[in-house]
Amino acid sequence: MDVLGEKWITPFVKQSFVTCGVSINMAAAGLVMGFTTGLLEQLGAPDSPIPVDDASGSWIAAIPGFSLVVGNFIVPSVMARYGRKTANLISIVPLIIGWIGIVLANSITALFIARFLQGLCMGMATSLGSTLIGEYASPRNRGVFLMTISISIAFGVLCVHAMGSYLDWKTSAIVCGSVALIDLVIVIFSPESPSWLADQGKYDECKKVFRWLRGTKEEQELKNLIEASIIVRESKAEANVRRTLLKKIKSNVVYFKTTITKKEFFKPIFIMIHIYMIGQWSGVNILVTYSIVIFNRVVGPDCNIPLMIMALDGHRIIANIFAIYIIKKAKRRTMLFTTVGINVLALLGLAAYTYAKENRLLNTDYPIIGILLIHLLMFAVATGTISLCFIIAGEIFPLEYRSLAGGLSVLFYSANLFLNVKTIPYLLNNIGVHGTCCLYCVVILYCLLIAWWFLPETKDRTLQDIEDEFRGRPMTMEELKSAQSLASWKAYNTDRRCSTPVV
């Protein structure tokens, strides 16, 4: 950290460096999910060393969505006890082992195990990504840095699709594993989160890291961070005086039961469940995991599919970059409803076009219409539908229960990812592209209605202000002093970052 702390390196550059370590790890999700496009295509060839059918292929594609749950359960306790940096380092290990396993695989079982390990990384990174960037970055840069998560995932998909078109799957796995090693080096040289250091009572180190990351212009936020941490730690110490282990466990159970009934706890979870559903049922998994299939069905097998896939992935990156500009200008709700509305229109357009094409209702074939509709869908997904999942997740959860609330909501993210990827072949083969698109529209419109009713505006607001809106009033000093840390409950930890005490 001292080497990187030269005076000519600005706080923004330092925040960019640590964000890079998080974003490359998040890019693993794009590499893992996009890898199946070339993998399944090559394994389906007559001379494949590991023959697969639709059923086994769908399991290879969907297993990371299942093991993502396991990773999501593991990471909160690691984050709480050993720190955010350590959790980030640990999350990279199963990813590297997974890529090595794919390179050495000679059976479907070996591929299943390797993909399971990769899903562990995805689960840990999904919980870590928004939390780490939210704690590292200045509030004025937070939205932009959170957007790098989506850009990284999109860039990972583009790279792995390009490799899958021209390289064999084992060579592609070697390259992907090398990227994970580079990320490991970046994370090793990144500092620990100042919020976690404050929570552990390491205030001198917290000040040093905070000022290294932010400079000296955000001292009030540092002061508030440490003051809130001191209040919670003292409160916890008082509550633990002369308490037996049995009483402590009983107290934590009661505290947990009380916590889950609080508006500021369950409302954000309820909202994020539906935001994650919008993201996973938007059609993104078809475009990423089954892109060859969708181009064959919509455009036709005679097109240059590798070129079209890379053009689509390039479009996704451009749309993500465009979204960085939009996210600084537009309100979150406006951006969500606009992009999801375009998403629905694109799905309905694809449904109408493919239905007319399959039932010979068109006088002649118009491939350009199918291509434009697919790109319109990608534009909506990349600009807002997927990107906003990570941005809202980094802003909406209550300060004190961020790890617990985030972890619970990610369970639904994982469940929807697994269910969506696993059912894509079945839906396409039984109700066609048009039926699949219509089904997705129904799910998205229901979730959008929930978001319209419950989601507050979060742009340019402090995390404490957002929490107070869910609660319905500001937290009093008595409530702040009586708030106990979840650190004593081994699976989770308090995350009271940047909260301003009520005077």
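Every residue, even glycine, has its Cβ placed from backbone N, Cα and C.
The domain 'Major facilitator superfamily (MFS) profile' annotation in TrEMBL covers 1-459. TrEMBL lists 12-36, 56-75, 87-106, 144-163, 269-293, 305-327, 334-356, 368-394, 401-419, 431-455 with the feature transmembrane segment.
The stretches the transmembrane segment (334-356) and the transmembrane segment (431-455) meet in space: the count of Cβ pairs below 8 angstroms, excluding pairs fewer than 6 apart in sequence, reaches at least three. Contact between the transmembrane segment (269-293) and the transmembrane segment (12-36) holds: at least three of their C-beta pairs are under 8 Å, each pair 6 or more apart in sequence.
Mean pLDDT across the domain 'Major facilitator superfamily (MFS) profile' (1-459) comes to 82 in this model.
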